[in-house]
Amino acid sequence: MKFLDEAKVYIRSGDGGNGCVAFRREKYIEFGGPSGGNGGRGGDVIIEVADGLNTLIDYRYQQHFKAQKGTNGMGKDRHGANGKDIVLKVPVGTQILDEDRETLIHDFTKLGERFVLAEGGNGGFGNAHFKSSTNRAPRNANPGQEGEERWIWLRLKLIADAGLVGLPNAGKSTLLSVVSAAKPKIADYPFTTLHPQLGVVDVDGREFVLADIPGLIEGAHEGAGLGDRFLGHVERCQVLLHLVDATCEHAGKAYKTVRNELMAYAGELTDKVEIVALNKIDAVEADELKKQKDRLKRAAKKTPLLISGVAGTGVKEALRALVEVIGEAPVSEKAKGAAQAEPWAPQNV
């Protein structure tokens, strides 16, 4: 299944049905009075988190969604039927944004969560509603309320406990494949990983979700390489595991390149707990390894872990360090709902 983490869609809730102007016509009943029924209510547009989804690919092929209109009222005090709701299914971690792509409307973080994005219009009153002691035969009725329409953006931010960051070919996908059942594409060229990957890691009986995103290069925030758009998938992570390739030219510069891109994307990412690891230590000589470790230590201002995803050296220790942070960090993500307007009702005229 193709991965799509952003989609623009048009939604419209159903219009309310019109009220009816009608009078009783039964034989032998003089001055039968009004009998026009009310219109039915329009259907709502509802967004629901569904199990088994991990992409927004369905919204590439269909972008317009309209709920059903309410039917009109009829004579003999018959009210119109309500329109059917339309439900859009999204994966957990999806955010609803306004058309400006900045205003957050709602953030889905729980399976089964539902949010009414657009309420259907109320049905209009039929003339029977307006009957009074001074107006025995009203000849007016309300039209139904129009439904709401808008363009929105759906943006998926994967929910993971820990995230892997680093330059291309730092060994992120290899590490994910070793510590979990995930099978990301692995090859000896940059940008092998084109889409985020998730894996469930088990360490000493404790499980957590680890996310691997495409590598960052200098200028990613300006669109270089694959850009920095995939960093949104590690925004929810509680801890970042920053991998630096021991075979690169200068480990310290490689570390700073990624940190600068994290800062350019969103300062909050640099505030997250970071564990630094020098990877591929089995591929360099001891003297070179010491130089790279010292360079990385000076740049990161902390002692890096020494690991090898291929050989398995130090991997367990790195995972235990992640688990220690994940166990301490509080849950900070809370769903944010848009303020609901007061329900509309037809006006007495």
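Note that Cβ sites are derived from N, Cα and C of the backbone, with glycine treated the same way.
These numbers come from a predicted model, not from an experiment.
On the 0 to 100 pLDDT scale, the domain 'Obg' (1-159) averages 92 in this prediction. Residues or ranges marked as domain 'Obg' in Swiss-Prot: 1-159.
If you look up Swiss-Prot, you'll see 160-327 marked as domain 'OBG-type G'.
Cβ neighbours within 10 Å of SER173 (Mg(2+) binding site), excluding its own Cβ and spanning all shown chains: 24. Residues or ranges marked as GTP binding site in Swiss-Prot (evidence: sequence analysis): 166-173, 191-195, 212-215, 279-282, 308-310.
Annotation comment: Swiss-Prot describes SER173, THR193 as Mg(2+) binding site. The DSSP secondary structure for SER173 (Mg(2+) binding site) is helix.
A count of other CB atoms within 10 A of each Cβ picks out LYS172 as the most crowded of the binding-site residues LYS172, HIS195, LYS280. Distance noted between the C-alpha atoms of PRO214 (GTP binding site) and SER173 (Mg(2+) binding site) is 9 Å. Each residue contributes its Cα atom, and for SER308 (GTP binding site) and SER173 (Mg(2+) binding site) those atoms are 12 Å apart.
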